[in-house]
Amino acid sequence: MWALRGCRSGSRWGQGAALLLLLLGVPPRGLALPPLRYSHAGICPNDMNPNLWVDAQSTCKRECETDQECETYEKCCPNVCGTKSCVAARYMDVKGKKGPVGMPKEATCDHFMCLQQGSECDIWDGQPVCKCRDRCEKEPSFTCASDGLTYYNRCYMDAEACSKGITLAVVTCRYHFTWPNTSPSPPETTVHPTTAPPETPGLDATAPALLNHPAHQSVTVGETVSFLCDVVGRPRPEITWEKQLEDRENVVMRPNHVRGNVVVTNIAQLVIYNAQPQDAGIYTCTARNAAGVLRADFPLSVVSGGQASATAESSPNGTALPAAECLKPPDSDDCGEEQTRWYFDAQANNCLTFTFGHCHRNRNHFETYEACMLACMSGSLAMCSLPALQGPCKAYVPRWAYNSQTGQCQSFVYGGCEGNGNNFESREDCEESCPFPRGNQRCRACKPRQKLVTSFCRSDFVILGRISELTEEPDSGRALVTVDEVLKDEKMGLKFLGQEPLEVTLLHMDWTCPCPNVTVGEAPLIIMGEVDGGMAVLRPDSFVGASSTRRARKLREVMHKKTCDVLKDFPGLQ
């Protein structure tokens with residue numbers, strides 16, 4: 001009993017009046033009442049049995065703070081996402097022991113059907129009712145569903161369908177077998193076998209290639225997102241996933257691997273449940289076999305509901321930042337609330353995540369990956385850094401792509417559609433275009449006016465050499481070239497130069513995005529230019545590329561066979 005102050009001791013009338021006021025909801029003067037707390041009947045499943053933890057994926061989306069936010073037959077209970085969710089309540093038996101209430105004799109679920117997928121019959125207030133399941137087994141049995149997601153097991157899929165009031169079906173998990181066939185057909189096969197891709201002579205092994213573009217995804221906090229690294233190759237590539245972490249070693253995840261809310265399924269699909277801001281970042285798929293290795297980056301942005309709408313409204317009007325801002329290091333100092341943001345990393349040629357402390361010392365910080373790319377990568381992504389992309393079509397055309405991991409051009413099979421810029425008809429074309437020096441990554445790749453042979457024929461001089469000194473001037477520049485070999489010289493008499501370096505004038509240079517992109521170093525270059533007033537001159541579209549034994553041999557063959565004379569007689573061939 002509460003102590004009733006202000007009433008005469010021993011007065012039954014005073015106590016009765018105070019009790020009446022209390023029952024009417026009017027506390028007597030001087031009476032201290034405890035705060036009222038709204039609560040539904042029953043207990044949470046995890047209070048009844050630790051093994052009944054609320055663990056269905058769908059329950060994490062029905063977040064709550066108190067029972068008042070839930071249905072009358074539900075409780076607000078902790079879930080595996082670290083928050084609370086509305087779930088069906090449990091009850092104590094008549095002896096006070098925790099456990100489900102025994103069904104009254106007059107209530108039964110025997111002839112009561114629940115039509116919604118993922119629902120089950122339960123007795124509520126003496127009547128059978130349908131409710132969504134709030135308990136799933138812990139053992140993984142990855143299930144591919146018709147909504148395009150892979151669930152931890154069948155129960156998780158049913159719970160998702162019930163929470164949304166929809167129907168989800170189990171579908172065959174997508175898996176693309178290697179091409180060509182990894183083993184010969186057995187003798188007992190039919191006389192007319194099914195159509196298979198044609199065999200390509202000499203391609204006993206093919207390096208991994210992607211079937212689809214690695215797309216950026218942006219989700220709201222609490223949603224589920226998945227990435228499929230759809231690759232082919234011979235032999236079958238092994239796939240691993242890792243997240244690019246800030247100042248920490250990356251954790252490699254293989255198929256059938258669970259780490260927190262991140263799962264890699266048995267078909268190597270990466271699934272992130274209940275996405276949180278710290279889950280944003282670059283998720284890298286690595287596919288490896290005996291013929292080569294492929295790495296593809298899948299960016300993920302995780303934003304709140306308000307940020308998502310604001311980003312959708314502002315992204316079309318995004319403006320590029322000055323190059324100097326994009327090249328500044330991320331501002332990681334702590335000046336207040338910490339958030340996960342994106343910044344442009346010139347060395348990685350990509351946007352990465354970091355912990356932003358709101359110091360605002362520079363502008364190289366963005367809410368989403370897309371906003372970062374719009375601001376600091378307004379030009380096309382350097383094609384030589386793109387992964388080999390086969391595409392969904394079935395033309396099966398041999399092509400070449402530059403592999404930034406090995407630093408070499410490798411063959412792959414192109415399907416004929418939806419490829420990318422890292423796609424060349426021959427190894428020679430690939431080596432002519434890749435790699436190119438990485439400078440300001442907002443700049444497009446420098447492209448010469450003509451290809452190797454045509455540029456050779458139309459140039460006044462062609463030399464093999466190294467840049468020993470470079471001087472920048474407004475709209476121009478000067479380079480000192482140590483000449484290793486003179487392949488062509490029509491106007492300067494370079495054979496009399498001896499050991500002296502050749503001074504080359506660079507015309508119409510934009511030093512924020514220099515073309516040709518020459519740098520001081522020991523790497524041998526093929527330099528083709530013009531002669532103007534006795535001076536060696538390079539223009540933005542002049543041919544300057546990495547020298548190789550193959551290229552040098554080809555240019556010597558052009559001289560020996562007098563190919564340039566033939567091209568002069570037939571201009572249409574150039």
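Heads up, the Cβ atoms here are built off N, Cα and C, so glycines get one too.
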Candidates are Asn317, Asn517; I want to know which one Swiss-Prot annotates as N-linked glycosylation site.
Asn517
With reference to Swiss-Prot, specify which of the listed residues Cys76, Cys77 is paired with Cys64 by a disulfide.
Cys76
Taking Swiss-Prot as the reference, Cys335 is linked by a disulphide to which residue in Cys351, Cys359, Cys372?
Cys359
From the disulfide entries in Swiss-Prot, identify which of Cys70, Cys77, Cys109 pairs with Cys86.
Cys70
What is the disulfide partner of Cys229 among Cys162, Cys285, as given in Swiss-Prot?
Cys285
Between Cys564 (disulfide bond) and Cys430 (disulfide bond), what is the CA-CA distance rounded to a whole number of Å?
23
What stretch in 124-175, 384-434, 443-564 has the biggest tally of Cβ pairs under 8 Å against the domain 'Ig-like C2-type' (208-301)?
384-434
By DSSP, how many residues in the domain 'BPTI/Kunitz inhibitor 2' (384-434) are helix, how many strand, and how many coil?
9 helix, 16 strand, 26 coil
Might you list, by sequence position, any residue in that chain lying six or more from Cys393 (disulfide bond) with a Cβ less than 8 Å away from its Cβ?
Gly415, Gly416, Cys417, Glu418
Please report the Cα separation of Cys326 (disulfide bond) and Cys430 (disulfide bond) in Å, rounded to an integer.
29
